[in-house]
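K.L.:
Taken from Swiss-Prot, the feature signal peptide applies to 1-31. Annotation comment: Swiss-Prot describes Asn165, Asn166 as N-linked glycosylation site, evidence class a curator's inference.
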Amino acid sequence: MSVRRGRRPARPGTRLSWLLCCSALLSPAAGYVIVSSVSWAVTNEVDEELDSASTEEAMPALLEDSGSIWQQSFPASAHKEDAHLRPRAGAARARPPPAPPGMFSYRREGGQTASAPPGPRLRAATARSLAHASVWGCLATVSTHKKIQGLPFGNCLPVSDGPFNNSTGIPFFYMTAKDPVVADLMKNPMASLMLPESEGEFCRKNIVDPEDPRCVQLTLTGQMIAVSPEEVEFAKQAMFSRHPGMRKWPRQYEWFFMKMRIEHIWLQKWYGGASSISREEYFKAVPRKA
């Protein structure tokens, strides 16, 4: 009787040990599954890499509790069998299990809320306050001079929107016909007046450069007209109360009063573009007391 040489059959104990090792290695993978396309699980190595590479200041705002997008993993048949046990629409939902460690999630764009800009009332009040506090401004006109005809021409002029206790929001001027600005206005009465906050409380205490964008700048655009005889007395009070030296200016220059019929208001009080203010909000606003 011949004995055939061959491999010895595997022992039951060895096969059982091999199965136990495989199940131990695969058991962590059955813990959680991804049910949302915006999150994923990461390993400890990737976690350390994210921590070391992430230097943006906005990163804390991107992290959120996304436990609701993670669920315990079950076979597909279990989800189908439990469909009739799920709460109906409108019923109170149970709190989802906490998210496991090592989970990273991006916040969706729809959930982000940006800080709202100042409202129209606040902008209008700031504009009226600056208009009342300003004693001078830069008036830009369309030049009629031959060398620069049709180009903008600017001139710094004393202004006033009324006496200290009576703000109108309308800038008044004390002009002479010999000023080139008046010659420009006779042909084209449209002009722009820029009022800077160079002497404001904030700029004086916090800003070195008065032209810093954080200093408020108000631009009024409209039609320059002569003050009617009925308003001359008020114009005198407005200008002479803020500029007493005007009373002694030489009379041979034939001084007269003008004002701007405002059509557009623009306010800049931070980095970036200017904000438009409606005439209704501008004249309705009450300037802050100094």
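Cβ coordinates come from backbone N, Cα and C, glycine included.
Just tell me what is around each of these and how deep it sits.
P.N.:
Here Asn165 (N-linked glycosylation site) comes close to no residue that lies at least six apart in sequence on the same chain with a C-beta under 8 angstroms from its C-beta. Look at Asn165 (N-linked glycosylation site): DSSP puts it in coil.
Sequence-distant neighbours of Asn166 (N-linked glycosylation site) (same chain, six or more apart, CB under 8 Å from its CB) are absent.
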